[in-house]
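Participant: My questions all concern the structure below.
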Amino acid sequence: MERNLKNVLVISFGFLLLFTAYGGLQSLQSSLHSEEGLGFASLSVIYAALILSSMFLPPFLIKKLGCKWTIAGSMCCYITFSLGNFYASWYTLIPTSVILGLGGAPLWSAKCTYLTIAGNSYAEKAGKNGKDIINQYFGVFFLIFQSSGIWGNLISSLIFSQASNKVEISEENLACCGAYDCVTDTTNTTGSAEPSNSFIYTLLGIYTASGVLAVLLIVIFLDQIKPDQAKTEKEILETPSFWSTFLATFQHLKDKRQCLLIPLTMYSGFEQGFLSGDYTKTYVTCALGIHYVGYVMICFSAVNSLCSLLFGKISQFTGRKLLFALATVTNTACIIALLLWKPHPKQLAVFFIFPALWGLSDAIWQTQTNGLYGILFEKHKEAAFANYRLWESFGFVIAFGYSTKLQVYIKLYILLSVLVLSMVTYGVVEYLEAKSSPGTPTAAKKENVVSLTQETHV
């Protein structure tokens, strides 16, 4: 096997193992640790730490440690979060959430840097276009990585399904599920007993082992950057210092189009936060039991992956405006339906319809918003995508932060309001773009839609 491709596969399967664990844990946080909102707080802290990490750590760590050891060290940060869940409390989960968040940005940055170096290196030897090889490597990576959402959730559901303490949920307890949840009694709103510690520890043991295997895979099988590749790495890392990058991120807000895209970017964090936090807890866990959370999130992940591939290909024929309209209509319909729906175990199919439709919408938000940033800010991609990560992470922080303070119906109204505002400001951006460059050819722009792949996974 060609050596660079081997390294791409090592990184891909390392991320698959790591995010099989983290993805499953993220979906369960609000259900496993509902006392005093600990689960929501830990998720909010993760994204707050990620914001700080994105601004300062990646260039420094990659330059000091190199890509391989930055990836390995950052993966260890994720393992601490799995360990913190063994004895979940404010003194274990919050510090490990901070550690995970700080490791998130260096992990993804080092991965991108390594794949870029590997792609350019092979392209130079084979006499091929570097951008084409890099896109192929990223395609291989995400083909393998995206399935982590399926495996992590499948493991949790299979384990919790073995629990012998499942009980019938009374109609009185079911009345506390859904949009008008009994927020004052969050610790015991359902009749479904929590899984025993033995099942929880079994799950956490599997997740921790998966993370350890990921680190070992990277340490043992991932090649260091070769000496003749050092120049390539140096060129990639010798961008402006992180202080100037930090300033450039905020200086980019002078562009009114960037300011107008803030609501749309934050909405991406809001809607993902609602599904993984509120929907899994107040609809699925409340009415069906925690063992169904994994199955529901598998449905979301599978539809999201398929639609991401589909919409990425058909956008050149439909245009992004039509796709944004489809996502808006779909999300709006889901929000209104969630406000009206009274979840009941007899309506099992409905619990999967919502995440499927949500996955369809999310696929559009991710692919098209990233493509929009790549097209509008072609000359300032670094600052633009730094803003993307910044504002999306703020969306996550806010969504998880207020989750324990507000009832679900209020969160749904907030979600709908942000969506409407996002579409209004996005419409203004499209108007300004059409007004400023009515005759701009689209061929050059399409190349940028491939641009930077979605990196919202922590």
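Including glycine, each Cβ sits where the backbone N, Cα and C put it.
Annotations per TrEMBL:
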TRANSMEM  39-57  transmembrane segment
TRANSMEM  69-88  transmembrane segment
TRANSMEM  94-117  transmembrane segment
TRANSMEM  137-160  transmembrane segment
TRANSMEM  199-222  transmembrane segment
TRANSMEM  289-311  transmembrane segment
TRANSMEM  323-341  transmembrane segment
TRANSMEM  347-365  transmembrane segment
TRANSMEM  386-404  transmembrane segment
TRANSMEM  410-429  transmembrane segment
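A description of the local structural setting of each listed feature is requested, covering burial, neighbours and distances.
Facilitator: Tertiary neighbourhood of the transmembrane segment (39-57): same-chain residues 26, 28-33, 81, 90, 93-94, 97-106, 242, 245-246, 249, 269, 273, 276-277, 281, 386, 389-390, 393-394, 396-397, 400-401, 403-404, 458, selected by CB-CB distance under 8 Å and a gap of 6+ residues from either end.
Beyond the transmembrane segment (323-341), the same-chain residues lying 6 or more positions past its ends with a Cβ under 8 Å from any Cβ of the stretch are 178-179, 271, 279, 283, 311, 315, 350, 354, 357-358, 360-361, 364-365, 368, 408-409, 412-413, 415-416, 419, 423, 426.
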Participant: Between the transmembrane segment (137-160) and the transmembrane segment (69-88), are there at least three Cβ pairs closer than 8 Å, leaving out pairs fewer than 6 positions apart?
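Facilitator: They do not touch: fewer than three Cβ pairs between the two stretches lie under 8 Å.
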Participant: List, by number or range, the same-chain residues at least 6 past the transmembrane segment (347-365) whose CB is under 8 A from its CB atoms?
Facilitator: 264, 267-268, 271-272, 275, 279, 283-284, 287-288, 292, 295-297, 299-308, 310-311, 323-324, 326-327, 330-331, 333-334, 337-338, 341
Participant: Can you name the far-off residues of the same chain, 6+ from the ends of the transmembrane segment (410-429), with a Cβ under 8 Å from a Cβ of it?
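Facilitator: Distant contacts of the transmembrane segment (410-429): 179, 257, 260-264, 266-267, 270-271, 274, 278, 324, 328, 331-332, 335-336, 338-339, 372, 376, 399, 402-403.
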